[in-house]
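Worksheet for the structure shown next.
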Amino acid sequence: MHKKISRWVKDKQQGVKRALVTAYDYPTARFAAAAGMHGVLVGDSLGMVVCGDHDTLNVTLEQMCYHTRMVRRGAGGCLVFADLPFGTYEKSPEQAWESAGELLRAGADVIKLEGGAEMAATVAFCTERGINICAHIGLTPQRVRQWGSFQRQGNTDAEAQRLHHEAAALSTAGARFVVMEAVPDQVAARISRAIDAVTIGIGAGPDTDAQVLVAHDVLGLEAESPPFARRYLEAGNLQQKAFVQYVQDVVSGNFPPRRPH
């Protein structure tokens, strides 16, 4: 097992929490590493927050590799997670393994894929061949068109049981990590206690082993953030203010300053 991952597993056993944030470029990864972030996720959420799409379905493997290379350069000692985008792993375990190899060559340490128990065979195939896998259950954004919206999962007893079964199957198959998104707090807590994999929550309460947020939500770069996110800064307002001042200075002749001959 990767030494850094062994540390995460030990921390789970000791109740030590870990923090992750998404990163899509070198500067963000560098700032995250300097802040002591434990991991960075090159998420296919870049399709929405970087490219302006309404969902993640148009993101390509080429894009993911491009952004992973940038993040790897800035991530320092952070564990780098990278998403397999829609359509690059669902067909077969072999397809997933080949796609994961591209992300590993780009600098990822852990490969993340979405799906429940139906992905257990793929997880096993990849882990048996030396790839560290992070599973993703609950709200899985790549299936948003199937649901029609970004829906909270696990609200009924039957749904909670299904999530528990999925997490257990994926952990048993060899997943080192399991992301749980938009899952009731108590459901996520029970799953975290029950499985060996390190659980990472996003909108899943305080009792998962780690937490992840989208950097744009943490920094306040988006006009709106999900209700579970915490905005630690309003960087969007600061950026807008700086651009407005720059425009005013250029139009007024205040920038650039005249230099002596």
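Cβ atoms are placed via backbone N, Cα and C, with glycine included.
Predicted automatically and left uncurated, TrEMBL annotations should be read as such.
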Which of these, Lys12, Lys17, Lys112, does TrEMBL list as part of the 3-methyl-2-oxobutanoate site with Asp44, Ser45, Asp83?
Lys112
Tell me whether Asp44 (3-methyl-2-oxobutanoate binding site) sits in a helix, a strand or coil according to DSSP.
coil
Remaining residues near the recorded Mg(2+) site, that is with C-beta within 8 Å of the centroid of the site residues Asp44, Asp83, Glu114:
Gly43, Ser45, Thr56, Val59, Leu84, Pro85, Phe86, Lys112, Leu113, His136, Pro141, Gln142
Between Lys112 (3-methyl-2-oxobutanoate binding site) and Glu181 (active site, proton acceptor), how many Å separate their Cα atoms?
13
If you count Cβ atoms within 10 Å of the Cβ of Glu114 (Mg(2+) binding site), leaving out that atom itself, what do you get?
24
